[in-house]
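Asker: Quick one: structure below, then a few questions.
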Amino acid sequence: MKRLLAAAVCLGPGRCGHAAIDTYEFANDAERERFRDLTKELRCPKCQNQDIADSNAPIATDLRREIFRMLGEGKDDQQIIDFMVDRYGDFVRYKPALTGKTALLWFGPAGLLLAGVVVMAVIVRRRRAAPTDGSDALSPEERKRLDQLLDTKTDD
């Protein structure tokens, strides 16, 4: 009885982990590679920042199954991506395409960085070239007094 229980404990967890893995039969290695690339490129609609290859959500399982079906029908990668974008929106792509809607996503950070550098350059330039209105200039009497003070200090 103890041996049977020990065997069940040792073999049981391995079977549970094995049952959770999706298995698909591919025609060739190129198709398997395309499937892997597509599932890594597409984001799970339910999960935040997780691709459908790594997600355990039911919708990710459905999307993997759908990609496998479309690959079997002979559709190319762009057709599959277009289908997913039409169905779930641009959010489903980790790297959204450069369009009018996504231009701000691609160029916004660089534009903000450039604007910050320009603002800093203007501030520095204005501080360096601040015009003196003569308020800090010494009058002839003050200059004479300053020279006297400096001369007495050097004589000591």
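Here the Cβ of each residue, glycine as well, is placed from N, Cα and C on the backbone.
As annotated by Swiss-Prot, heme binding site applies to Cys44, Cys47, with the evidence given as sequence analysis. Residues annotated as compositional bias 'Basic and acidic residues' in Swiss-Prot: 140-156. As annotated by Swiss-Prot, region 'Disordered' applies to 131-156. Under the heading signal peptide, Swiss-Prot lists 1-19. According to Swiss-Prot, the transmembrane segment annotation covers 104-124.
Give me the lay of the land around each of these features.
Answerer: DSSP assigns Cys47 (heme binding site) to coil in the three-state reduction, outside any helix or strand.
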Asker: Counting only residues 6+ apart in the same chain, whose Cβ is under 8 Å from the Cβ of Cys44 (heme binding site)?
Answerer: Gln50, Asp51, Ile52, Ser55, Ala57, Ile59, Ala60, Leu63
Asker: In sequence order, which same-chain residues at least six apart have a C-beta under 8 angstroms from Cys47 (heme binding site)?
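Answerer: When sequence neighbours closer than 6 are ignored, Cys47 (heme binding site) has Ser55, Ala57, Ala60 within Cβ distance under 8 Å.
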